[in-house]
Amino acid sequence: MRETSPNVATEAALPAQPEMAERRGVQIASPIETQQIIRRMNAAYDWTGPDDPDNPRNFPARVRILSIGAISSLALVSTFAGAIYAPAQAAVMDEFHQNRLVAVLPLSLYNLGMACGPLVGAPLSETYGRKTVFVATTPIFLVFMVAAGFAKSITTLVICRFFAGIFASPNINNASATILDYVEHRHRGASLGIYYSLPSLGSTLAPLIGGFIIRSKGWRWTQWVAIIVTVAFYIPVLFTRETYKKSFSAVVPSGWVWETPPLSKLQLGERFDISSRLYNGFIFGLLYTFVISVPWIFRHYYDFNETGESLSYLGVTLGTLIACVPFVLVDFSFYQKRLRQWQQTHDETEQLPPENRLVSAMVGSFLLPASLLIAGWTAEYRISWFVTVFFQGISMTASLLIYAGANLFMLDAYGPLYGASASGAMMLSRVGDYYSSWLYFTDGADTLVFLGVWRAVAQEKQV
C-alpha cells in the first residue's frame, strides 16, 4: 500500500474526525502542536485525498463487487460450518453414548467460540489490516474442523469445535468493517442490510443440507463438506486487496501516550451499548435455538419423518432470505430521505445522528414477540404445521431487522476506525442457545411463548 506524507493543502481540506479530535495527548508542547498532530492523523486516516487510488472506495467497481462477494461468502460458510452439525446430534448421541444435552455442546461451544473470537480478531484487523486477519485465521479454523471430523470422543469434538468457532469468527465480524471500507456512507445501509442476511442464511441453510448428508454419508461428512466449501470460498479472498490503512504510528511522535477511558467504561459505560449487546445476544440465541430445535418440534408435534424434519428449515431459511427486502425499503424510504434533508441544512462534516439507523430495529421489535407467541401456540395446540413454519420465518425476518439496525448504529457511532471492535464486543453476549435448547427439550414449544413474553417485557423496559 502506498504511503505518502500529507501536504499542507491536503491537511487543510480534510475535516477533523470526531473520534480523533476528542483525544488528548499527555505530552503536549503547545496547543498548535496538538492540532498539527490531529490533522496529520486525520490525513493518514483519510488517505491522501478523495482521489487516492489506494482508497478502497476508489477501486474499480468490478474489483469492489467481487471483493465484497468474496468476503461475504466466507462469512456465510463460517456460520454454515457451525450449524451443519445441528442435524448430527442424534448420530453423535448414538456413536458416543451421550444424552441430548451433551450432544448439543459441539454446536453451542462453536457459538461460544464465535462470541469470544472477535474480542481478539477485531483489534488485530485494526492493527494489521482486514485481509491479514482473514488470511491468517481461516487455515487455523480449517485445522480444527479437520480434527473435529476425526474426533474419537465427544470431548475432542467439543474442544475442536470451540476453537474452530474462535478462528471462524473474524470472517463474520471483520466482513462488515471491510464492506464499510468499500462503500460510501449513503450506500452503507443497503449494502450491509443485504450482507447481514448472509451469515444467518448460512446458519439456516446448513441444517437443511446437513440432514440429507447424514442420511447418505454419516455425521462426519458434515465436517468434510464444511471444510470443502470453506476452502472453495477462501481462495478468492487471497486475491483481494487490503482495505484498512495502517499508518497512524508513522504520524504520531514517539513518546506520546494517549488518554483513553477505562476498559470498563468502554465496554459497559454506555447504556445503549449494554442493552444492545444483551438484545443481540437474545437474537443470536434465538437463531441457534431454531437451528437446534426445529426438527424436534416438527417430529414431536407434527410427526414429521426425517425428510420432513430437514425440510422444516425452509421457513427460517426463507425468512432470512427476505429480511433484506424490508430493511432496504426502510433505508431508502426513511434513512435516505432524512440524510438528504440533513445535508441541505448542515455542513458536510456533520454526520447524521446514528439513531436514525434504528428504525428497522423498531419495526422488528414489534414483529418479533408477536411471531414468537403465535409460532409457540400454534405448535403447542398442533394447528397446521404451515402456520408454525410461516411464523418461524417471520421471527427470523424480525430478528435480522433488529440485528442489522443495531449493528449499523454501532458502525455509524464508532466510525470505520473502531467499527470492527464495536461490532465484535456485541458478539460476546451471544451465548444463550444452550440454555434455550434445554428449555425446549424440557418444556416443549411453550418455550417460544416464554421467549415472546420475555422479549416484549424487555422491549418495554428499554423504552
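Positions of Cβ are set from backbone N, Cα and C atoms, glycine also.
Listed features, source TrEMBL:
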type: DOMAIN; residues: 67-463; note: domain 'Major facilitator superfamily (MFS) profile'
type: REGION; residues: 1-20; note: region 'Disordered'
type: TRANSMEM; residues: 65-88; note: transmembrane segment
type: TRANSMEM; residues: 100-120; note: transmembrane segment
type: TRANSMEM; residues: 140-164; note: transmembrane segment
type: TRANSMEM; residues: 194-215; note: transmembrane segment
type: TRANSMEM; residues: 221-239; note: transmembrane segment
type: TRANSMEM; residues: 278-298; note: transmembrane segment
type: TRANSMEM; residues: 310-335; note: transmembrane segment
type: TRANSMEM; residues: 356-377; note: transmembrane segment
type: TRANSMEM; residues: 383-406; note: transmembrane segment
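When Cβ-Cβ distances below 8 Å are used as the criterion, the transmembrane segment (194-215) is approached by residues 68, 72-73, 75-88, 91, 172, 175-176, 179, 221-222, 225-226, 287-288, 290-291, 294-295, 306-307, 309-311, 313-314, 316-317, 319-321, 323-324, 327-328, 396, 399-400, 403-404, 407 of the same chain, each at least six residues removed from its ends. The highest tally of CB pairs under 8 A with the transmembrane segment (65-88), across 140-164, 221-239, 356-377, is held by 221-239. Away from its own ends, the transmembrane segment (140-164) comes close to residues 78, 81-82, 85, 92, 96, 98, 102-103, 105-107, 109-110, 112-113, 171, 220, 223-224, 226-227, 230-231, 234 of its chain (Cβ-Cβ under 8 Å, at least six residues beyond either end).
Regional average pLDDT for the domain 'Major facilitator superfamily (MFS) profile' (67-463) in the model is 79.
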